[in-house]
Amino acid sequence: MMKSVRVVVVGAGVIGFSTAVCIVEALPFCSVTLMADKFSPDTTSDGAAGILFAAQFPDIPLQRQKHWFKDSFDHLLAIAQSQCAPEAGVMLSSGWQIFKEVPAVKKPFWSEFVIGFRLMTDVERKRFPDHKFGQAFTTLKCECSTYLPWLEKRFRKAGGQVEQRKVNNLQELSNNFDIIVNCSGLGSKVLVGDTQVYPVRGQVLKVEAPWVQHFIRDGDGTTYIYPGIRSVTIGGTRQEGDWRLQVDDRDTKGILERCSRLEPSLNKAKILNEWVGLRPSRKNPRVEREVVELQGRPVPVVHNYGHGGWGVTLAWGTALDTLGLVKQSLHEMAPQPKL
Amino acid sequence: MRVAVIGAGVIGLSTAQSIYEHYHSIVSPLTIEVYADKFTPLTTSDGAAGFWQPYLYDKGNVQETKWNKETFDYLLSFLKSPESIKMGIFLESGYNLCSEPAPDPSFKDSVLGFRQLTDRELQIFPGYKFGWFNTALMIEGKTYLPWLMECGMWSGQLQPDPDLKPGRGQILKVDAPWLKHWIITHDFTKGTYNSPYIIPGYRLVTLGGVFQMGNWSEQNSSVDHKEIWEKACQLEPSLKHARIVDDWSGLRPVRSKVRLEREAIWSGETPIEVIHNYGHGGFGLTIHRGCAEEAARLFGQIVEQKGKGPKARL
């Protein structure tokens, strides 16, 4: 009787669930379990506004980064155009990214993958007197507090198992699983001892301002207004190495000031709630595989973590990449009856 | 001077506002009274989706294009201030879709960021081969009208105008807050607004388009309802799960062109000065300010003729 390959995905944020869905849907002969300590609505992904933008990482080949972005964008665009859109929490969003000084790169690498990318006209820029340059385009917003439950449904439907459990080390898993997929975000610092992982603290407010239909983002990445399905997320902060999860009133004040300068009508918006998340940051995301000796056995471990503030943006693309690495690991394992 | 403004839709109230703004410090006393049988929220302006966009082509009515632009610029100027929320105005971007290439619309220089649709965008809308994207303004009648001046009640006979006909419209209002773009389709064989449109508003999304010339019925038609709903779901599949909240019908005051002119009506020995400002069809909110300012200018002529104002030209 054929024994199916047992895969465990650690982490239930957008990276964990995207990766788990990719694997379970592509590899029906694998039994896939997703294991995590925290689930939606308590993950880092849940508070993220989920607007698709990318940054450029220094050490990953540009072609690969382009794939990551394009695959994620196309995947979510297909959902946005379908009947599933509201259930999945995905929507199209148009708006402007503005810069106080003209940036070195006027057309970033991802400009070809978003929709209708162009530079702002003079009349459009007049609305932002402190800013000299801007880009206009249409992108996507993916709200994880809705998207993660939707992905979980999809995961279970394809036969995936979900287990709530805090994983303290990889040894614990090697008894019951043949391949470990690590999507533990900031948790990788402890789980796999990666000292390069660090938090970048972000605080946001969710306000009621249904008249705001466009995103506005300052190119420095610290001030942004992202209209969502039922509220508008305004932010933010970028505090490197800061582990505090409590709301900081000084940050609240700063966010309201900066965002109201860009969009004065926000002065009248009712604040619905505040949230803090720790972006699981790293110089470059770690999407690679290795073989680790666990309890006397060589166990393939595929990593997919360290996406910083670009988790939602890169989730599907890196999940597909990770699936490829899982497939490679399968080929190298002891021969199974059928692959 | 006593001024009676007849009609309390967006045209009536904004005309009263413009006359007041320009003349209340010049003509003293200046009493402006608005008379109508329907006031907000029961006027045609209240039911409209509240989206600034003229018909695609002005058919040579360049004066109307000018008034439309004046209205847009006027509303845009309020966006920097928190007052904009009390007025019910905000920016919204979206798509004008055609089944074949068409010349640029009359409003291309009025709106923000006007451009043609990319191939990728057209893929989002199967069945449409051409179109434009731009950022325009929303102006919700139910919020804007109360913001304008309001007044007393009187109902009376108005003169018949054979050129004025109802252009019946029906809309659905649905709860679909994930939609942030308006989508207007154009079918040149069927005529303006007889083709589906989806216009997200402040809280609800308006679905339409029906434009039935000569139909005076203000009752909702279940046939129109079904047609509007099915076409909208075809255009935007995510609507399938939207909750339908309301139905509404209204009569657009359609005329070959806007009647904006003076007329002296003789009642006994003294003429009553009348300024007509009607016949704005489906673009009342779009054109209101430009027309109101023009009406105020005509009012100024009357003020001068009656020797009620300073000699200085306005």
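Backbone N, Cα and C atoms are what each Cβ position is placed from, and that goes for glycine too.
The structure displayed is predicted, hence computed values, not measured ones.
The following features are taken from TrEMBL:
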BINDING   B:THR44, B:SER45, B:GLY281, B:GLY282, B:PHE283, B:GLY284, B:LEU285, B:THR286  FAD binding site
BINDING   B:GLN53, B:HIS186, B:TYR197, B:ARG252, B:GLY282  D-dopa binding site
DOMAIN    B:2-149  domain 'FAD dependent oxidoreductase'
DOMAIN    B:151-298  domain 'FAD dependent oxidoreductase'
- Note on the structure: The correct three-state DSSP answer for B:THR44 (FAD binding site) is helix
- Message: I want to check the contact list for B:TYR197 (D-dopa binding site): same chain, sequence separation of six or more, C-beta distance under 8 angstroms. What comes out?
- Response: B:ALA49, B:TRP182, B:ILE183, B:ILE184, B:THR185, B:THR206, B:LEU207, B:GLY208, B:GLY209
- Message: Could you give me three numbers for the domain 'FAD dependent oxidoreductase' (B:2-149), the DSSP helix, strand and coil residue counts?
- Response: 51 helix, 36 strand, 61 coil
- Fill in the CA-CA distance, B:GLY284 (FAD binding site) to B:ARG252 (D-dopa binding site), as an integer in Å. 9
- Query: What average pLDDT is reported by the model for the domain 'FAD dependent oxidoreductase' (B:2-149)?
  - Reply: 93
- Query: Among the binding-site residues listed here (B:GLN53, B:HIS186, B:ARG252), which has the Cα closest to the Cα of B:THR44 (FAD binding site)?
  - Reply: B:ARG252
- Query: According to DSSP, which of helix, strand or coil covers B:PHE283 (FAD binding site)?
  - Reply: coil
- Which numbers of helix, strand and coil residues does DSSP report for the domain 'FAD dependent oxidoreductase' (B:151-298)? 34 helix, 57 strand, 57 coil
- Message: I want the residues beyond B:THR44, B:SER45, B:GLY281, B:GLY282, B:PHE283, B:GLY284, B:LEU285, B:THR286 whose C-beta is within 8 angstroms of the mean position of the FAD site's C-beta atoms, in chain order.
- Response: B:VAL10, B:ALA48, B:ARG252, B:HIS280, B:ILE287, B:HIS288
- Message: Need this for a regression test: binding-site residues B:GLN53, B:HIS186, B:ARG252, filtered to those with Cα within 10 Å of B:GLY281 (FAD binding site). What's left?
- Response: B:ARG252
- Message: Just to be sure I understand the packing, how many Cβ atoms besides its own are within 10 Å of the Cβ of B:SER45 (FAD binding site)?
- Response: 30
- Sorted by position, what residues of the same chain at least six away from B:HIS186 (D-dopa binding site) have a C-beta under 8 A from it? B:LEU56, B:ASN96, B:LEU97, B:CYS98, B:SER99, B:ALA102, B:THR192, B:SER195
- Quick one: which of these binding-site residues, B:PHE283, B:LEU285, B:THR286, have their CA within 10 A of B:ARG252 (D-dopa binding site)? B:PHE283
- Item | Between B:GLN53 (D-dopa binding site) and B:SER45 (FAD binding site): CA-CA distance (Å) | 14
- Mind giving me a neighbour count for B:THR44 (FAD binding site)? Other Cβ atoms within 10 Å of its Cβ, every protein chain shown. 23
- So how many other Cβ atoms are close to B:LEU285 (FAD binding site), meaning within 10 Å of its Cβ? 29
- Item | Sparsest Cβ surroundings (other CB atoms within 10 Å) among the binding-site residues B:GLN53, B:THR286 | B:GLN53
